[in-house]
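Pulled from TrEMBL, these are the features on record:
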- 13-30: transmembrane segment (TRANSMEM)
- 50-67: transmembrane segment (TRANSMEM)
- 79-96: transmembrane segment (TRANSMEM)
- 132-150: transmembrane segment (TRANSMEM)
- 156-175: transmembrane segment (TRANSMEM)
- 187-210: transmembrane segment (TRANSMEM)
- 279-297: transmembrane segment (TRANSMEM)
Amino acid sequence: MALKYPWNKSKEWFGRIVFWAYLSGLPNFWIEDLNFSKHFMKFYDKYARALDIISCIFVLLELLSVFTQHELSKKQQTIQILFCVGHPFLCLYSALMGHYKEKTRGVLLELVVTLKQVHNDPNVEKMMIKQCNMYSIAFTFSCFCSMLFYCVDSLIQVLKTGVTFNVVIPVWPIIADNSVIANVARVLYHIVWIIFMAKVACVYIIVISLSTCISHQYKNLQKYFESLNEIFLDENLKQDEKEAKYEEKFKIGVKAHAQTLRVTKESHEICNGVISGQIVFNIIMLTIIMYQTFIMTRERSLVKMMSTATTAMTVLCSTGFFMWNAGDITYEAAHTGTSMYSSGWQNCCRQSSIRVRKLLVVAIAHAQNPVIMRGLGIIELSHQSFVSIVKCSYSLFSLLY
């Protein structure tokens, strides 16, 4: 990638994520030029728009299958319901991220360049990348396993009973149709399904990484304010020089805190549609999965149970990562005021002390305003509310049962 801004590990991480997201069919969110020619990007942008249309048609064909596919097994019926309910949500997520393309670029510029130039604690950055890696790998692995087990289960049915291979159930061809053109259509449907899911996975990883980076940015701010104590340990400076340097650095920190709050708000606007949709998606999907497991699936095999379990795990992991990161943002933002207070203001004397205390009071009062992320406009995103949402799914299932 052509370097336009200073290098750091956070920028490198997001550069890789955005690179693969672009190849999956999402818009180019990156703040620098990708290593592609203009002709290739022009062609690929047209391909991405065509892929969006194909994805919408793909989801529509799945929804219409309810009116044409009447010879499905119990297992196929539950998969049909699962995909007909889930895929419209997933299709919407990609559209929402594309809508906020420019705002996403602005947030990335602030997070990985502007704020990192103020202060970039290497330990905090290392923890941030480690958590992003862990969450992204866990989600990708669970998503891959879910798709794999659905395919394996369908393949086993083909080998055992001679039926056609059907994971995705569209409006056409009919399940019993074993003609050449029908099989070619099935291959195309499943290729589109894989591309569709890869694109959605990139949306999830971007949202997870953004929220993880913001929570660690508050940790970074805490380290910055705490490091201001070192100014008064410098024996090469006079007292008035230390005070002047402290005031200047503290003002820079306050400005960085204001920028971080603004970035948090903008990031929430970008991710709010995905997170809010995920809450509804989580409740509906878990209810269907429990219904599938305990009511409709009498003949249970290991592969069938694994496909169901990995799907549930993917839904829970994705919702959990969203809500845990949002809870971490609230938690870390609440501790920023304490770090301001511990920055060494008590070492200032006379007029400098008066100025610093006035600035400190205003800064801490501003930092004590709770930073709360909400889903659907009313649900406070946190570890506790995640548990409540999981319970809500079970309560809904119990009510229907």
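Indices start at 1 and increase along the chain as displayed.
Using N, Cα and C of the backbone, Cβ positions are placed for all residues, glycine too.
Away from its own ends, the transmembrane segment (187-210) comes close to residues 13-14, 17-18, 20-21, 24-26, 29, 51, 54-55, 58, 61, 87, 90-91, 93-94, 97, 104, 107, 111, 132, 135-136, 139-140, 143, 147, 167-168, 170, 267, 270-271, 274-275, 318, 321-322, 325 of its chain (Cβ-Cβ under 8 Å, at least six residues beyond either end).
Sequence-distant contacts of the transmembrane segment (156-175) (same chain, six or more residues past either end, CB-CB distance under 8 Å): 58, 61-62, 64-65, 67-69, 71-72, 76, 79-80, 83, 150, 181-183, 185-186, 189-190, 193, 301, 303. Under 8 Å from some Cβ of the transmembrane segment (132-150) lie the Cβ atoms of residues 13, 17, 79, 167, 194, 197, 201, 204-205, 208-209, 212-213, 303, 306-307, 310-311, 313-314, 317-318, 321, all in the same chain and six or more residues away from its ends.
Counting residues 6+ beyond its ends, the transmembrane segment (13-30) has Cβ neighbours under 8 Å at 1, 41, 44-45, 47-48, 51-52, 94, 97-98, 101, 104-105, 108, 111-112, 129, 132, 136, 195, 198-199, 201-203, 205-206, 209, 213 in the same chain.
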